[in-house]
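Inspection log for the structure reproduced underneath, given as structure tokens.
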Amino acid sequence: MTEAMKITLSTLPADARWGEKATWSINNDGIALHLNGKDDLGLIQRAARKIDGMGIKHVALSGEGWNTDRAWAFWAGYKGPKGQRQVEWPTLDDAQRSELDNRLTIIDWVRDTINAPAEELGPEQLAQRAVDLLCGVAGEKVSYRITKGEDLREQNYLGLHTVGRGSERPPVLLALDYNPTGDKDAPVYACLVGKGITFDSGGYSIKQSAFMDSMKSDMGGAATITGALAFAITRGLNKRVKLYLCCADNLISGNAFKLGDIIHYRNGKTVEVMNTDAEGRLVLADGLIDASAQKPALIIDAATLTGAAKTALGNDYHALFSFDDALANRLLASAQAENEAFWRLPLAEFHRNQLPSNFAELNNTGSAAYPAGASTAAGFLSHFVENYHQGWLHIDCSATYRKSAVEQWSAGATGLGVRTIANLLTAE
């Protein structure tokens, strides 16, 4: 084992020999990070990425100034999808160390799950991983049901079945109930719905390779929302919450769904499929119908839903949509408290009407006349939320995954959003 490289924090500028703008320097004891009070967490994260890039795989966070957020910022930048890294953590009080350990367990689970190859992580494996994580943190407070394959069709989960039927790996719906009250009749405070497309080829509206090569990550919404529930539980969540993960492959085969197909949903809506690559909304619709039936105070869905959201925000922000201004502001306040980036994008009543079909009530994609793709996707989902004006948040997870490394992140999953959603769930 190599000797650990000591990483210390300093509020003094680097020696002039390192340059006027140096944010880190090397000394006899190791590496010093020079904080300037402007963006200390970002500075630490970017420095950690550089340290990893230097091939230093064993570090000790030493000296004064470290806390949970600073240690976590270092790990966020230091962690990568290849190889092993060892960190000797700074001395923290019990509460801070517990918080750090829970982040390391749960948010690393999210990142590792999203990074897993599609060959290893099919719909059933994703659902089971979620069950294992949540049972691990909540034990007997969790119960669940897994419905898959033809059972979905027989129970009229036709959006999920339609999308997933083209794969040899059957589609799966995980319905999980976290009930810490011990009362089977306790009201459901929140329902969480996640898109779990474990590989998205685009179906017959096939993607080009440049857009398909990262589609193992199209289950990022399901992983993020699962991690958020687990993390909220570690922070003391004492209300009943239900989780719905809509898991499927979107592949091409003789049994795959086709353009022009019409899906009949349980809430009476009919949807014409005019783009098989707009499949995420089709599976989420089934989860949102179940969520609405619980009459919760809060519904949150999370999905890597549209390229339009990434075009607007890049990979730095998650996109937020809601008709409920007060609730949207609460989510944004939670994001600020957790140092995570969310940005609200427009969602208006007219977006619900920008999905015309000649053969069904809705089209699953907007036409060229309605180019606001992220907003029309959110508008589509609203048709499956009973009281869409109040208590519903849609998160288009633009910041879930990066195809290549940048100065603060390795390539792959980020884990962003977990803490914000958990904060919102435990804020009241």
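Cβ atoms here come from the backbone N, Cα and C positions, even for glycine.
Worth saying up front: this structure is predicted, and the values here are computed from it rather than measured.
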Listed co-binder of Mn(2+) 2 (same site as Lys195, Asp200, Asp218, source Swiss-Prot) among Glu124, Glu140, Glu279: Glu279
Using a 10 Å cut-off between Cα atoms, which of these recorded positions sit near Lys207 (active site): Lys195, Asp200, Asp218, Asp277, Glu279, Arg281? Asp200, Asp277
Specify the count of other C-beta atoms within 10 Å of the C-beta of Asp277 (Mn(2+) 1 binding site). 19
I'd like the number of other C-beta atoms within 10 A of the C-beta of Lys207 (active site), please. 16
I'd like to know which of these recorded positions, Lys195, Arg281, is least surrounded, judged by other CB atoms within 10 A. Arg281
